[in-house]
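If you scroll down you'll find the structure; I have some questions about it.
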Amino acid sequence: MIALSLAEIAAVVGGQTHDIPDPSVQVTGPVVRDSREVEPGSLFAAFAGERVDGHDFAQQVVEAGAVAVLASRPVGVPAIVVADVQTALGALARHVVRRLGATLVALTGSAGKTSTKDLVAQVLRRKAPTVFTPGSFNNEIGLPLTALSATEETKFLVLEMGARGLGHIRYLTGLTPPRIGLVLNVGTAHIGEFGGREQIAQAKGELVEALPAADAGGVAVLNADDPLVRAMASRTKAKVLLFGESAEADVRAENVRLTDSGQPSFRLHTPSGASDVTMRLYGEHHVSNALAAAAVAHELGMSAEEIATALSEAGTLSRWRMEVTERPDGVTIVNDAYNANPESMRAALRALAAMGQGRRTWAVLGKMAELGDEALAEHDAVGRLAVRLNVSKLVAVGDREASWLQLGAYNEGSWGEESVHVSDAQAAVDLLRSELRPGDVVLVKASRSVGLESVAQALLATGAEGEVAAR
Ligand SMILES: Nc1ncnc2c1ncn2[C@@H]1O[C@H](COP(=O)(O)OP(=O)(O)O)[C@@H](O)[C@H]1O
Ligand SMILES: [Mg+2]
């Protein structure tokens, strides 16, 4: 964090100082909520969670070098006591980003936020010091913590913003007002909670409503290929920059194809030129993510060549998203178990099909959560797509939704042993251990709650010390 005295922080968050002998002492280290991440100079934010209460760690974090605790009650060590720690954290983040000279880039969407945020950061950091959301810390706590990790040197702050309902993005943009706002797509993630696609669009579009006007530098980066995102142009005063494969996009891809290993390759066009990209990431869905990142980078002054080079070299920074590992016996494991929704299921299956040409392909799939009324139809459609793409074997893991996946495949013309339904992850592992042959490609994917990464991990352990070619 930029250095701030405890007195200054207390004033910003409207808190009372307790047990602080010298309020001019500065916080110089990161603001953290996990006691294990405390460094000398840190401010520790004490949250009372379901299982642990951060206040219980007050003594320990101060011994580890924390300057003070941001707390909701006195804790016997230096503390700034506030009514609500989350609100205080937000206020501190707002104060700090206002003082930073950094350009704030925020992004949201139904699928691909984390992948795209990682791409944006990997492109921008070639130009100037960049701080970005670690993993998926995109909520009302993760966002301020990320913003607070910026320093005086930071030029670009790239923030993932998640929403599970109306008003969420508006709250987040209130904490860290972006100059550039990117909306990736409006899909079906959390549709059950939102109540429908229109509502999701309404919620995601709060990002572009929060942008400054065009003459004040505001830029809305919108997906030209997604009608609900494209339509957000009317909800912003910012300049609109479109990305996508459609001809009207300002930043677009031509000659998109997947290499034999499932990696997208295309010619990138930006208003400043064109250049070829071959990605290290797997799956066609990354084309859209890459174009989004390219649009942001273009806006921030990077040339098409610089952007293309950065996109071609970018790797996976966050785990279990199309993480490809070759086992020594020639079996390829594609671990995309981080999460799933209908769009990403389709993209992953297409990548599997591309990677699996001439090889046996396995799709080990579990349920896609939170689909509301569309759950049956969407699982059925994914099962059918697996057959249409000629996936050799579908292993549907879990109960009700898995049976819909398997039934979809069955009804599309897969029969006998080409699609199977197993009860749980262990059953899937047992089946695969006995059936996998050298050369097979295995995709593992389901919603987060299913925890199918355990299947990928077990399969990798089976193959002994597989060289991790994960990117
Ligand atoms: N543009 C995209 N369209 C559809 N699915 C995507 C896209 N980008 C990534 N995915 C897939 O969606 C899942 C979640 O990706 P992630 O980047 O973590 O998104 P988010 O942060 O929005 O949850 C992964 O399985 C990934 O492969
Ligand atoms: Mg995420």
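Cβ atoms are placed via backbone N, Cα and C, with glycine included.
According to TrEMBL:
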BINDING   GLY109, SER110, ALA111, GLY112, LYS113, THR114, SER115  ATP binding site
DOMAIN    34-82  domain 'Mur ligase N-terminal catalytic'
DOMAIN    108-297  domain 'Mur ligase central'
DOMAIN    321-448  domain 'Mur ligase C-terminal'
Can you tell which of GLY109, GLY112 has the most other C-beta atoms within 10 Å, given these are the binding-site residues?
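Compared across GLY109, GLY112, the most Cβ atoms within 10 Å surround GLY109.
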Starting from the ATP site formed by GLY109, SER110, ALA111, GLY112, LYS113, THR114, SER115, give every other residue of that chain whose CB sits within 8 Å of the mean position of their CB atoms, in sequence order.
THR116, LEU184, ASN185, ASN289
When you measure from each Cβ to the nearest atom of ligand 2, which of the binding-site residues ALA111, LYS113, THR114 fall under 6 angstroms?
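Near ligand 2, sequence order: LYS113, THR114.
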By DSSP, how many residues in the domain 'Mur ligase C-terminal' (321-448) are helix, how many strand, and how many coil?
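Once the DSSP states are binned, the domain 'Mur ligase C-terminal' (321-448) shows 59 helix, 27 strand, 42 coil.
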DSSP on the domain 'Mur ligase N-terminal catalytic' (34-82): how many residues come out helix, how many strand, how many coil?
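Computed counts for the domain 'Mur ligase N-terminal catalytic' (34-82) are 13 helix, 12 strand, 24 coil.
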For SER115 (ATP binding site), what is the tally of other C-beta atoms lying within 10 angstroms of its C-beta?
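So the Cβ neighbour count for SER115 (ATP binding site) comes to 27.
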Hey, of the binding-site residues listed (SER110, THR114), which one tops the CB count within 10 A?
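The residue with the densest Cβ neighbourhood is SER110.
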